[in-house]
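A.B. asks: The following block contains the structure, expressed as structure tokens.
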Amino acid sequence: MDDKFDDDALPNSKTTPEDYGDKLAEYDYTNTFPNTWMRLREPFREYIAEFVGVAVLIIFGVGADCQVVLSANTGVAPSPKGDYLSLNCGWAIGTAMGVWISGGISGGHINPAVTLALMAWRGFPWWKVPGFIFAQLLGGIVGAGLVYVNYIHAIDIVEGGRHIRTLDTAGLFATYAADYMTNVSCFFSEFLATAVLIVVIHAMNDKRNAPPPAGLAPLVLFFLILGIGASLGMETGYAINPARDLGPRMLTAMVGYGRQVFAFRNQYWIWCPVIAPFLGAQVGTIFYDLFFYKGQDNVFGRLGSHIHISPA
């Protein structure tokens, strides 16, 4: 049986600088460094890129949440500054900009669920995973902290004082499901949205499918996140990214909201915005690999590949 897997199929998770249209620098960063700083920073560039990418994602996304919701209070603004579409645009732009910044350096994961799926199914080095996830989580905390400082006075007005913090404004930073949703329904919603996310990401990176032209991956992600928010976002706030929820949630716990942000619905935070995206990304990847992917790193494509059937 002939091998139908081509060498030019996408070999792993990391999108190369060439895929983003970057030109090589005048010197090779991997072998020659013009000064000590360039040499010292090299081992950390990928992790810093993930940190900054997630921080930018949160600044745009949580910033949009804060501006739209807080401005609805007449004590903050004379008229509302946006609507649900504004929220979705904020998250879509944040995702696109975060990937634009980090894509040519780290691959632009900016999502622990994506990182883990790429490790399991695309050959992403396992030893990089803890550092990537830590950087992503830290980026979520720092990004949320910057937005909190920016909007602290408006939050004070809405809450009624500096030392009053409730889930009403905690929901600007992390996701809290609608009251009518059961935890099982919330889990399914996050699972489904993340599975859709990862399937499109794999299709976008699959050279045997229909990848976007060089440099346009962030634009595809913009429409992807905008679409997920418009279709699946109302009930849970579509975390679809553990770092997007857990990082800001930890920030709120540190700035005065306390344990209530973790006690909501008996540890809702761990099942729906964390575990569900991780599982959704795994199942979405399995689905894509089973039915579409033809790259050499497709685990299902290698099963039984050593068996050759001779014609009768």
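Glycine too: its Cβ is placed from the backbone N, Cα and C atoms.
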A.B. asks: Look up the topological domain names in Swiss-Prot for E42 and R244, then state whether they lie on the same side of the membrane.
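C.D. replies: According to Swiss-Prot, which assigns topological domains, E42 and R244 fall on opposite sides of the membrane.
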A.B. asks: Please find, within the list 90-110, 237-257, the residue stretch that Swiss-Prot describes as transmembrane segment.
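C.D. replies: So the range that Swiss-Prot calls transmembrane segment is 90-110.
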A.B. asks: Count the Cβ pairs between the transmembrane segment (51-71) and the transmembrane segment (268-288) that lie under 8 angstroms and are 6 or more residues apart in sequence, then report whether there are at least 3.
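C.D. replies: No, the stretches stay apart by this measure.
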A.B. asks: Do any residues, 6 or more residues outside the topological domain 'Cytoplasmic' (111-128), come within under 8 Å Cβ-to-Cβ of it, and if so which ones?
C.D. replies: 10-14, 46, 136-137, 194, 197-198, 201, 240-244, 277-278, 280-282, 284-286, 289, 297, 299
A.B. asks: What mean pLDDT score does the topological domain 'Extracellular' (235-267) have in the model?
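C.D. replies: 97, rounded to a whole number.
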A.B. asks: Same chain, outside the topological domain 'Extracellular' (235-267) by at least 6, Cβ under 8 Å from its Cβ: which residues?
C.D. replies: 54, 57-58, 61-62, 91, 110-113, 133, 136-145, 148, 163, 165-167, 170-171, 173-178, 181, 183, 185-186, 189-190, 193-194, 197, 228-229, 273-274, 277-278, 280
A.B. asks: Test the contact criterion for the transmembrane segment (268-288) and the transmembrane segment (90-110): 3 or more CB pairs under 8 Å, pairs 6 or more apart in sequence, then answer yes or no.
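C.D. replies: Output no: the transmembrane segment (268-288) is apart from the transmembrane segment (90-110).
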